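Pulled from TrEMBL, these are the listed features:
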DOMAIN    16-69  domain 'Amino acid transporter transmembrane'
TRANSMEM  17-37  transmembrane segment
TRANSMEM  43-64  transmembrane segment
REGION    89-113  region 'Disordered'
COMPBIAS  104-113  compositional bias 'Gly residues'
DOMAIN    120-433  domain 'Amino acid transporter transmembrane'
TRANSMEM  139-158  transmembrane segment
TRANSMEM  170-189  transmembrane segment
TRANSMEM  196-216  transmembrane segment
TRANSMEM  236-256  transmembrane segment
TRANSMEM  268-292  transmembrane segment
TRANSMEM  312-334  transmembrane segment
TRANSMEM  355-372  transmembrane segment
TRANSMEM  378-400  transmembrane segment
TRANSMEM  412-431  transmembrane segment
Amino acid sequence: MGRLRPRANGITSSNKIVANIFISFIGAGMLGLPYAFKEAGLVEGAVIMSVVGYLSTSAMMMLIDCKYAILSAGGRAGGRSIVLEKKAPLLPPSSSDTDSDSESGGGDVDGGGGTSVRCSDLTYGDVGYYAFGAKGKRLVDLAVVISQVGFCCGYLIYLCKNLSLYAPVLSQNQWLLILLPPLYCLTLLRHLNRLAIFSLFAQVSNVFALTVVFWFDFSHSESVPFVPKEFSLKGLPFFFSIAIYCYEGAGLILSMEESVAESKRARFRTIFLLTMIGLTVLYICFGASGYLSFGPHTEDIITLNLPHGDGILDFAVLVKVCLGISLFFTYPMMLFPVSHLLDKTCNLHSVNKGNFMRLLVVAATGVVVLIIPNFGILISLIGATCCTLLAFILPALFHLKIFKSRMTREQWYFNWLLVILGCVGTVVGLWDTFDRMSNDTVIKQ
């Protein structure tokens, strides 16, 4: 059984490692944080964000432990075996929300003496295969597909809402019909290197836009009187789902660790932990400052609160344009692993069949947006279901299975805490989301 040879080259700079992590976790989910703080309250939101950050980071570390346990066992589990071979990665090293789940689409299952999984390195799906066989891998892949499609739907909502505000002659649904054809054309690209320059521009635009929003929130917060929100349990499930959405990076952690040079691998955990602490502080500050700036008038997408300037340079327009361009070009990159996975699963060797499948996926995102046109509700729904499954439940179950005879009592309790918390969070989060969807005042455009 072949073992993956140590990576001869890779990222050696600690600053580059931090930048990779930072860019990969800074996504559209941040736009909904101020509204989440409005729903839950400042103190409650900060506590939940800190707890979710700690638990999700711990779960990602457990996936790394599972990876090395599999490698040390030679990639064997009963009659199953995992073959590790070098192969071109599916996506660039860092592409915001796309990376967080894309790597699980990189393996394929074929027959042999046992069943083997071929991949660039161990992926999230391969860990699931090692722990629970084909069912484990299919569950990871299904959660990845649904979450990626959901992310794309969130981007469509942002684009359509802002376009309908600046060009009210067309409704949000009409803008949706206009956007889908060019987005479909971009999904026809079979190689993401053709979108590399757009990926870089999207990341820069995203960071710039969020920085401007952050700056405006701090400068504007003094002009709005702060009235503390009374303690209420009603907004906590919603905030939990949004927080999970922001932190879901379980599928990303293995590829990030693999991208680091061998000489830096020993320090990766420390660097990752410190970076995640910094990101948690950033999330709390961004959400709290946005809520403090606009109080009860905080929108589900914080950029909708930005006032228009009277000068030549309107920062509100600039921010929305930058984010719009960023999300437009992130859409096809997020659907790339979905298309790749569906091509393999459905054995779509014909280009025409693959193109038709992509058409169905793009059309599905449009249908979802028509059904759930509210950004906050949509990302809460994704966070409560697929993100909770990928971030809490599956890492804990895989860790329990792989380390069943080698874990301490404390580790055993912690794993089951993640499973139970994830299951409860899913049920309560779904109940809260459907309750909000049934409220006409919430989904009113």
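Glycine is no exception: its Cβ is also placed from the backbone N, Cα and C atoms.
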Helix, strand, coil: count each for the residues of the domain 'Amino acid transporter transmembrane' (16-69), based on DSSP.
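Within the domain 'Amino acid transporter transmembrane' (16-69) the tally stands at 51 helix, 0 strand, 3 coil.
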Is the count of Cβ pairs under 8 Å between the transmembrane segment (312-334) and the transmembrane segment (43-64), pairs 6 or more apart in sequence, 3 or more?
no
Tell me whether the transmembrane segment (268-292) sits in contact with the transmembrane segment (236-256), defined here as at least 3 Cβ pairs under 8 Å among residues 6 or more apart in sequence.
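These two segments touch.
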Could you tell me whether the transmembrane segment (17-37) and the transmembrane segment (196-216) are in contact, taking contact to mean 3+ Cβ pairs under 8 Å with a sequence separation of 6 or more?
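Answer yes, regions in contact.
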Which bits of the chain, at least 6 residues beyond where the transmembrane segment (355-372) starts or stops, bring a Cβ under 8 A of a Cβ in it?
149-150, 152-153, 156-157, 160, 173, 176-177, 180, 183-184, 187-188, 335, 338-339, 342-343, 346, 348, 378, 381, 437, 443
Does the transmembrane segment (378-400) make contact with the transmembrane segment (170-189) through 3 or more Cβ pairs under 8 Å, each pair 6 or more apart in sequence?
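Judged by the Cβ rule, the two regions do not touch, with the required three close pairs absent.
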By a Cβ-Cβ criterion of under 8 Å, what residues six or more beyond either terminus of the transmembrane segment (43-64) are in contact with it?
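Residues packing against the transmembrane segment (43-64) from afar: 36-37, 124, 127, 231, 235-236, 239-240, 243-244, 247-250, 253-254, 257, 269, 272-273, 276-277, 279-280, 283-284, 287-288, 391-392, 395-396, 398-399, 414-415, 418, 421.
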Looking only at the recorded stretches 17-37, 170-189, 412-431, which one has the largest tally of CB-CB distances under 8 Å to the transmembrane segment (236-256)?
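Most Cβ pairs under 8 Å with the transmembrane segment (236-256) come from 17-37.
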Should anything in the same chain at least six residues away from the transmembrane segment (17-37) have a Cβ under 8 Å from its Cβ atoms, list it; otherwise answer none.
11, 45, 93-97, 99-100, 151, 154-155, 158, 203, 206-207, 210, 217, 235, 238-239, 242-243, 245-247, 249, 252, 256, 259-260, 264, 268, 271-272, 275-276, 278-279, 283, 286-291, 293-294, 298-303, 305, 323, 327, 375-376, 379
